[in-house]
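The structure appears below as structure tokens.
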Amino acid sequence: MSIKHFLTLQDFSPAELKQLMLRAIELKKIQKSGEIFEPLKNKTLAMIFEKSSTRTRISFEIGMSQLGGHALFLSPRDTQLGRGEPIEDTAKVISSMADGIMIRTFGHEVVEKMAEHSQVPVINALTDDYHPCQLLADMQTYYEHRGSIEGKTVLWVGDGNNMCHSYINAAKQYGFKLRISAPEDYDPNPRIVEANQEYVEMIRNPMDAAENVDLIVTDVWASMGQEEEQKKREKAFKDYQVNTAMMQQANPDALFMHCLPAHRGEEVSAEVMDAEDSVVWDEAENRLHAQKALLEYLMAKA
């Protein structure tokens, strides 16, 4: 039997992604009711973190605990990875003992190589190219507040980064139109755009791009590893802040999302972050429920 991995949204069909979202909502209700539900009892998830994290670590650790399993935290300091052990060797060893591997790292090729040599499911918890777990939470959050996102129009404002790339994949998999508004020199990977071009439109002016959209999403201007570019990026992105004026260009029931952490006064104004149409806190909580559905799907029968 072939092993199922989750490296990008394209690893699952649209039907699987919808099933996963509905299951996440069910698991959320189960958890809120206080019912004990442990389909992953005696299962272990090895979590490899080469990038620091708040929401990812907490949500996966608590998720495994609530599902009856155990999560093992591994950093480069704790393993031979930090001393140069090949990824393929690490994958073979860890997958011979653990029931699943979650990895948060820099190069996407690291995750791909891990999956290639693993005997158990591998989950991409973020690379420089993609952040698919966040999209599971975002799509669940939109569904809970506004229903199906199919046929809607979403605006990504800011850096064409890993989150933007996953939104491009999501446009195809969930059936929405995606507008991307980024400064020159900060567009998403053209290869990823071209592969999904019928779902994606590039609009340089962010106020024009925001007109009549149903959801506006942004992220920090300087991601992890780009701190030295902070001043340069602040200058390049100064007209790309999501603020009240931009939200007023959108449809009256448009939502605002941000994967967090957010820098109020930079990529988003404090007013928008704390407004009624901001669902960032539900979005953050849904990392837990969406990933529980993913863990159950990949590991319960493995």
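Just so it is clear, glycine is given a Cβ too, placed from its N, Cα and C backbone atoms.
Per Swiss-Prot, the features are as follows:
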type	residues	note
BINDING	Ser53, Thr54, Arg55, Thr56, Gln80, Arg104, His131, Pro132, Cys133, Gln134, Cys259, Leu260, Arg287	carbamoyl phosphate binding site
BINDING	Asn162, Asp219, Ser223, Met224	L-ornithine binding site
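Features as recorded by Swiss-Prot, highlighted on the structure.
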{"residue": "Ser53", "record": "carbamoyl phosphate binding site", "Cβ contacts under 8 Å, 6 or more apart": "Arg104, Ala125, Leu126"}
{"residue": "Arg55", "record": "carbamoyl phosphate binding site", "Cβ contacts under 8 Å, 6 or more apart": "Cys259, Leu260, Ala284, Arg287"}
{"residue": "His131", "record": "carbamoyl phosphate binding site", "Cβ contacts under 8 Å, 6 or more apart": "Asn124, Asn162, Met163, Ser166, Cys259"}
{"residue": "Cys133", "record": "carbamoyl phosphate binding site", "Cβ contacts under 8 Å, 6 or more apart": "Phe6, Thr56, Ile123, Asn124, Ala125, Leu126, Arg287, Ala290, Gln291, Leu294"}
{"residue": "Asp219", "record": "L-ornithine binding site", "Cβ contacts under 8 Å, 6 or more apart": "Gly158, Asp159, Asn161, Met163, Cys164, His258, Cys259, Glu267"}
{"residue": "Ser223", "record": "L-ornithine binding site", "Cβ contacts under 8 Å, 6 or more apart": "Asp159, Asn161, Asn162"}
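Other C-beta atoms found within 10 angstroms of the C-beta of Cys259 (carbamoyl phosphate binding site) number 24, with every protein chain shown included. For Asn162 (L-ornithine binding site), the count of additional Cβ atoms within 10 Å of its Cβ stands at 23 [all protein chains shown]. In the three-state DSSP classification, Arg287 (carbamoyl phosphate binding site) falls within a helix.
Following the DSSP three-state reduction, the secondary structure of Arg55 (carbamoyl phosphate binding site) is helix.
Under the three-state DSSP scheme, Cys133 (carbamoyl phosphate binding site) falls in the helix class.
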